[in-house]
Amino acid sequence: MLDINLLRNDIEAVAARLAGRGYTLDTAAFNQLESERKSLQSRMQELQAKRNATSKQIGIAKGKGEDVSAILAEVATLGDELKAAEQAFDGVQGQLDAWLMSIPNLPHESVPVGKDENDNVEVRRVGVPRQFDFEVKDHVDVGAPLGLDFDTGAKLSGARFTVLKGDIARLHRAIAQFMLNTHTGSHGYQEHYTPYIVNDTALLGTGQLPKFADDMFKVTRGGDESAVPQYLISTSEVTLTNTVADTILQESELPKKMTAHSPCFRSEAGSYGRDTRGMIRQHQFDKVEMVRVEKPEHSYAALEEMVGHAENILKALELPYRVITLCTGDMGFGSAKTYDLEVWLPAQNTYREISSCSNCEAFQARRMKARYKDENGKNQLVHTLNGSGLAVGRTLVAILENYQNADGSVTVPTVLRPFMGKDRIGG
């Protein structure tokens, strides 16, 4: 959520920055609500002062032995008027809060201005794509004989679900274990195991709600539709980041570096017809997430470091990849700046996203009331960052395609062999 004072001080400047990411700020609506808020606030102060002054007259009148019934009636009337003004004020404030919740974050000044993914800027490429001396298969054809079972997934749950069996399932598990071991052992993150079901407050805090309700799986307890709504997590960013909600941290507790391996559940409501073949876009997929809670002055250095941590996984797996900076029009709702890491998929002859690392600055912290006490004892909002480290299923896809052999086998990347106990599967 944006700082409302930015809007009060220079709404046109905010509107211009938001326009860069394709969002039209309704300045007239804000100015109208803000005018009503100020008017009601003044009215409340006026009524409160008048009621206080009138109440004092009661004691004076009683001291003189005068009848106070008229004064009491006036105080009661003023009380009713004040209550009505307070209710009206709360209504306008609620509208302002809801309106603020729907506005995306402001892009950082270093973010390239652009409309969509075509305007993203490549930062670097690492690794050289392998040259094959046989016809390359995609991960579906490579994986099917090895235990990648889409038919059973569809039978059990419908489209965009997959069953992994045998060595494919072991490889999937090994990938996640390697990622967690690297982030906890080499990168300094603390491992967490968090719930897969959360309440709407948590999703409001990290920005998935209210804007992205259609992309969530809503669950009910015992089929009770009147119960407080709960949702399957779309990413463990939600749970990890919300561990600091409604919290005042000590400066010595920062930075907080957290990681978790979890399934992620997404309805993919806006993705009809996209990536219908294979594991690229699933309703359920695993991801190892990195979350950092930082002092504001350190958050952009932390973003670069987090990108490096995601890159280290790809480097260790010896998978070619590139890093891109997302333009203003392609960034996520809560992000001030985002880097995507894209891995090379030889069957598609292109790079595909495997990690997204974002600095949300104080956007989530303001929604969650996540603060720290600075050196002067003043409470300040923290900055929150999140990044995939990495998407496990897409990493499996990349390994199947980049490490495939002519005989149908797949070479196990060197760093995964201790987890697998073998150097290849299939064949």
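Cβ coordinates are placed from backbone N, Cα and C, and glycine is handled just like the others.
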- Message: The L-serine site in Swiss-Prot lists Thr235, Ser236, Glu237, Glu289. Which one of Ser102, Ser110, Ser388, Ser409 belongs there according to the record?
- Response: Ser388
- Message: What are the sequence-distant neighbours of Ser267 (ATP binding site), meaning same chain, six or more residues apart, C-beta distance under 8 angstroms?
- Response: Asp214, Asp215, Met216, Phe217, His283
- Largest separation between Cα atoms (Å) of residues that the record links to L-serine, namely Thr235, Ser236, Glu237, Glu289, Ser388: 10
- Message: Just to verify a number: CA distance, Ser356 (ATP binding site) to Ser388 (L-serine binding site), in angstrom, no decimals.
- Response: 6
- Task: Sort Glu237 (L-serine binding site) into helix, strand or coil using the DSSP assignment.
- Result: helix
- Note on the structure: One finds that other Cβ atoms within 10 Å of the Cβ of Thr235 (L-serine binding site) number exactly 23
- Item | Local Cβ density at Arg266 (ATP binding site) - other Cβ atoms counted within 10 Å | 20
